[in-house]
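Participant: Before I ask anything, let me first share the structure, which is written out below as structure tokens.
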Number of protein chains: 2
Amino acid sequence: MDPRVEKRLGLKQLVDKVVSAEEAAALIQDGTVVGMSGFTRAGDAKVVPMALVERAKNEKFKIDVYTGASLGPEVDNYLAAAGVINKRGPFQGDSVMRGLVNKGEISYVDAHLSHNAELVRQGIIGPIKHLILEAVAITEDGLIIPSNSVGNSPIFAEYAENIIIELNISHPEALIGIHDIYVPGEQGKRDAIPMTNAEQRIGEIGIKVDPAKIKAIVISEEPDAPSLIVPPDEETQDMANILLDFFRSEIKAGRLTNELMPLQSGVGSVANAVLDGFADAEFENLVVASEVLQDAVFNLIDAGKVRFAAATSITLTEELQKKVYGNLEKYADKICLRPQEISNHPELIRRLGLISINTALELDIYGNVNSTHVSGTKMMNGIGGSGDFARNARLGIFVTKSYAKGGAISSIVPMVSHVDHTEHDVDVIVTEQGIADLRGLAPKERVKLIIENCAHPDFKEQLWDYYNRAYEATGGAHTPHILEEALSWHVNLAKNKTMKKETANA
Amino acid sequence: MDPRVEKRLGLKQLVDKVVSAEEAAALIQDGTVVGMSGFTRAGDAKVVPMALVERAKNEKFKIDVYTGASLGPEVDNYLAAAGVINKRGPFQGDSVMRGLVNKGEISYVDAHLSHNAELVRQGIIGPIKHLILEAVAITEDGLIIPSNSVGNSPIFAEYAENIIIELNISHPEALIGIHDIYVPGEQGKRDAIPMTNAEQRIGEIGIKVDPAKIKAIVISEEPDAPSLIVPPDEETQDMANILLDFFRSEIKAGRLTNELMPLQSGVGSVANAVLDGFADAEFENLVVASEVLQDAVFNLIDAGKVRFAAATSITLTEELQKKVYGNLEKYADKICLRPQEISNHPELIRRLGLISINTALELDIYGNVNSTHVSGTKMMNGIGGSGDFARNARLGIFVTKSYAKGGAISSIVPMVSHVDHTEHDVDVIVTEQGIADLRGLAPKERVKLIIENCAHPDFKEQLWDYYNRAYEATGGAHTPHILEEALSWHVNLAKNKTMKKETANA
Ligand SMILES: CC(C)(COP(=O)(O)OP(=O)(O)OC[C@H]1O[C@@H](n2cnc3c(N)ncnc32)[C@H](O)[C@@H]1OP(=O)(O)O)[C@@H](O)C(=O)NCCC(=O)NCCS
Ligand SMILES: CC(C)(COP(=O)(O)OP(=O)(O)OC[C@H]1O[C@@H](n2cnc3c(N)ncnc32)[C@H](O)[C@@H]1OP(=O)(O)O)[C@@H](O)C(=O)NCCC(=O)NCCS
């Protein structure tokens, strides 16, 4: 046996479970529910899914795939394209998967990422026939050490009938010890989650399972697919500066200190770029308590700004992967990976008083946010953890550029075409134009801040025109709308490729 | 001094603070923020507000009024009509208040009821110049014992500069001891809330305040305004039966036991009527962990079905008021009133695994729920605690009749005109027609259950027609919509007083 494998496979009774990816893939049965590790392209099973792709060339079968969140191309691109996936939950972010979801070929159940575990406990998700779980090691005492994400693996492992391990020896051994696995018990019988600050460890370094459940171990050396985020640009830098100034004013108002509160920052390029902006700011001793640690967090650790960062996954670009995974020892005592039920738990988000920064696709003049549906119909990625955080955060911030598609689209519209976050869950909005602090305001009071401070100049007049006419038409009702027109900007976009109203040329 | 007052005013240093309602009302200053006790017409200040109404006859002044939830007529009708209220939060349910809100004359900030306390701590609500607090007693050691509701009074008392007490001697003394006041500390510094079952007491029987803050005590004998709910009818009885059958099937599936899980049931006639349906069912030993205890809960205690009921307020019709307040000793060890921050806390709702039953105004074919805005524009009451419960409950159930206004309105529409609860927060829908169990389903999978099981027969065909054409038009996208038409049912209602499409008579 490869000595690298021998070292990582501590529980020797499992040695005879080592099989090829094909053999493991052959265990998966048509029509079953399969859990997979992985969260935002990190720590996902790779070689068994690719063997399933191979198998699908000669055999028709379908499975339901539940994961932590989005996976890399092996599942959400190749396996999806092979026609193997019937149902998918709870998050994805791949163009192929998205395409199939929006053609009605894959049934996609996106969900609050903190909710999945309860659904597994209740058997709403399940019965899980197999869990395919990427690990960096199995310890002598039978703990499975996950790799770059924890996600839903602990709850899947508890409820799955069978487990297939992808033992990935390319991941650094220094990952051992950074996980903190705590799984709440049955509702009504469980204790309070015993965490009162984000740096606290409350669980074990790996997932405890009955070794009898482990039916196959496949050795892997496939790295995680790198994150696809694009680097900060001038506008995201502006957004970061606006946000930093807001934090300064909160400190002046006595609501924050220079250490702020634990920061959560969402998936995607914009949220990462905004966090990057902290590198040159005066805030220090920051704690990150997030879902995903993207590039920015490690840059901030390097810059001495972040003293501790917890999440459920680490998702890095190729450049950062090299830097971080090549020197993981350096970061090991500053990071922690938890189950997504814990990283996203309302109990903890509220108790710890998180500042959460997530990205909107579009938002409306009253502060409702759409994070998921392009023009109300086409799924982009999913709600992910944005609802867990925005609803329960001390400060729920949404960021977005004020426009999309070169200016044809205004990210601020009269009425969002789909609601993920209601007006009650959105405290602050930041675009490259400015900031709207909506806390404590009634809907009509929010309008001025949102249009004047956040909308793109090209659309301000059009937004005021809608609002003023809606106010008039409804006699100043609580939330003025002209229902005939509320979604007309999206209709215009579909017809004329722009949200800009035709203006009669004088 | 009236011996009844003497008995209730234990802290003798406060005796010289007893003043008339007029004198107390004179303390309230124009332009200030005033906190008031009261939750769903229960435990609200009455005589000082009425003195403010008097004062307003000769003086122009405005105040912002924050409460637990909706108050009785003294504030939300008379004081509102007197033009005294500038801003109002976080919930109301009065036709006069609603009218002024929908004419733009009162700025209304409705909010998740569990969120207010955090906003007070952060100073977003405030500074609170005065709190007017109805109490049944002030104990010798300076605890203020609230009356029929707790609401936000503890957090208001902590942050208010001055407190005016309405000592209401008409409330039964047996109220002393039923409250359980626990107030979390600062975010980031607080402990877990030490409650692991809904029957547990974790706090004190009253609100501890610095006696120096108490600037006036007014003696009152005004009873709470009775609840306005209407009795169950045949259709709500059908809804109850459908729900009871659903619980039976959940027991069969091993997801519930005969004791169910702690029940939350929302405000309003429908939720009360549905709960009433438990009286003749086999479920026993039930626990209620709710926001409001309406008539049905006391009927169920009498019937031996409910063994314990906790909430933040007791709101009863005139008939039940007599029965319950006349014999409160009988119920005293079976009920408990908590701050709304606790009754509605995500931490506890999730930990205890509540079953929550709230009422929708309308919902759409994908499971999004509107609880607040008539035709997207006019505020009815507010989101109240429905979001706290639906999002965090083990089972989030929404009930509504399938039609409104004699059949002109379908409660099930292509797209709700306002979203309070997203598709991710709605597990089960019940109308008098039937039930849709949406758990684990993708949007398009929900459509059939919602239309076939829940919609009124008069509207089924029209709903299918919309969905089928939307499916076609979008090529089976994730959430098919035709944006030009999505809100056309509401537009039709405004124009033609019905959501029914004109059908060409052959
Ligand atoms: C909203 C979300 C898609 C934004 O992603 P992002 O990478 O930061 O943002 P971008 O501005 O690059 O937008 C992504 C795409 O949406 C498009 N887009 C942005 N706003 C749009 C709008 N109003 N209408 C249509 N398309 C829009 C962009 O043009 C871009 O398209 P492209 O990929 O074809 O270039 C992403 O943050 C997300 O999925 N959020 C939901 C889940 C979540 O918030 N999780 C956080 C908890 S950790
Ligand atoms: C939604 C809500 C208004 C329903 O109240 P209810 O008393 O149970 O229900 P009703 O069916 O009697 O409806 C109330 C009114 O709304 C009207 N209505 C109902 N559905 C409607 C619709 N789809 N469109 C327009 N009006 C509608 C009814 O006709 C009735 O009007 P009326 O007072 O003029 O007769 C009420 O439950 C609420 O305010 N909910 C939000 C807050 C909440 O859920 N809190 C719970 C946490 S404890």
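Every residue gets a Cβ built from N, Cα and C, even glycine.
Heads up, here are the entries from TrEMBL:
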type     : residues                                                                       : note
ACT_SITE : A:GLU291                                                                       : active site, 5-glutamyl coenzyme A thioester intermediate
BINDING  : A:GLY266, A:VAL267, A:GLY268, A:SER269, A:VAL270, A:ASN381, A:GLY385, A:LYS405 : CoA binding site
DOMAIN   : A:12-218                                                                       : domain 'Acetyl-CoA hydrolase/transferase N-terminal'
DOMAIN   : A:322-466                                                                      : domain 'Acetyl-CoA hydrolase/transferase C-terminal'
Participant: Can you give me the Cα-Cα distance between A:VAL270 (CoA binding site) and A:GLU291 (active site, 5-glutamyl coenzyme A thioester intermediate) in Å, rounded to a whole number?
Facilitator: 15
Participant: Could you state the whole-number distance in Å separating the C-alpha atoms of A:VAL267 (CoA binding site) and the residue listed as 'active site, 5-glutamyl coenzyme A thioester intermediate'?
Facilitator: 8
Participant: If you measure A:SER269 (CoA binding site) to A:GLU291 (active site, 5-glutamyl coenzyme A thioester intermediate) at Cα, how many Å is it?
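Facilitator: A:SER269 (CoA binding site) to A:GLU291 (active site, 5-glutamyl coenzyme A thioester intermediate), Cα-Cα distance: 15 Å.
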Participant: Within 10 Å of A:GLU291 (active site, 5-glutamyl coenzyme A thioester intermediate), Cα to Cα, which of the binding-site residues A:GLY268, A:ASN381, A:LYS405 are there?
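Facilitator: Within 10 Å Cα-Cα: none.
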Participant: Enumerate same-chain residues with a sequence separation of six or more from A:LYS405 (CoA binding site) and a Cβ-Cβ distance below 8 A; give 'none' if the list is empty.
Facilitator: none
Participant: Radius 10 Å, atoms counted are CB only; among the binding-site residues A:SER269, A:ASN381, which position scores highest?
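Facilitator: Most Cβ neighbours within 10 Å: A:ASN381.
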Participant: Helix, strand or coil for A:ASN381 (CoA binding site)? Use DSSP.
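Facilitator: Its secondary structure by DSSP: coil.
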Participant: What three-state class does DSSP give A:LYS405 (CoA binding site)?
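Facilitator: In three-state terms, A:LYS405 (CoA binding site) counts as helix.
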Participant: In the domain 'Acetyl-CoA hydrolase/transferase C-terminal' (A:322-466), how many residues does DSSP call helix, how many strand, and how many coil?
Facilitator: 55 helix, 36 strand, 54 coil
Participant: Across the domain 'Acetyl-CoA hydrolase/transferase C-terminal' (A:322-466), what is the average pLDDT of the model, as a whole number?
Facilitator: 98
Participant: Of all the Cα pairs drawn from A:GLY266, A:VAL267, A:GLY268, A:SER269, A:VAL270, A:ASN381, A:GLY385, A:LYS405, the residues the record ties to CoA, which distance is largest, in Å?
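Facilitator: Pairwise Cα check on A:GLY266, A:VAL267, A:GLY268, A:SER269, A:VAL270, A:ASN381, A:GLY385, A:LYS405 gives a maximum of 25 Å.
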Participant: Which has the fewest other Cβ atoms within 10 Å: A:GLY266, A:GLY268, A:GLY385, the binding-site residues listed?
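Facilitator: Per-residue Cβ counts within 10 Å for the binding-site residues A:GLY266, A:GLY268, A:GLY385 bottom out at A:GLY268.
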Participant: Let me check the 10 A CB neighbour count of A:VAL267 (CoA binding site). How many other CB atoms are there?
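Facilitator: The answer is 29 other Cβ atoms.
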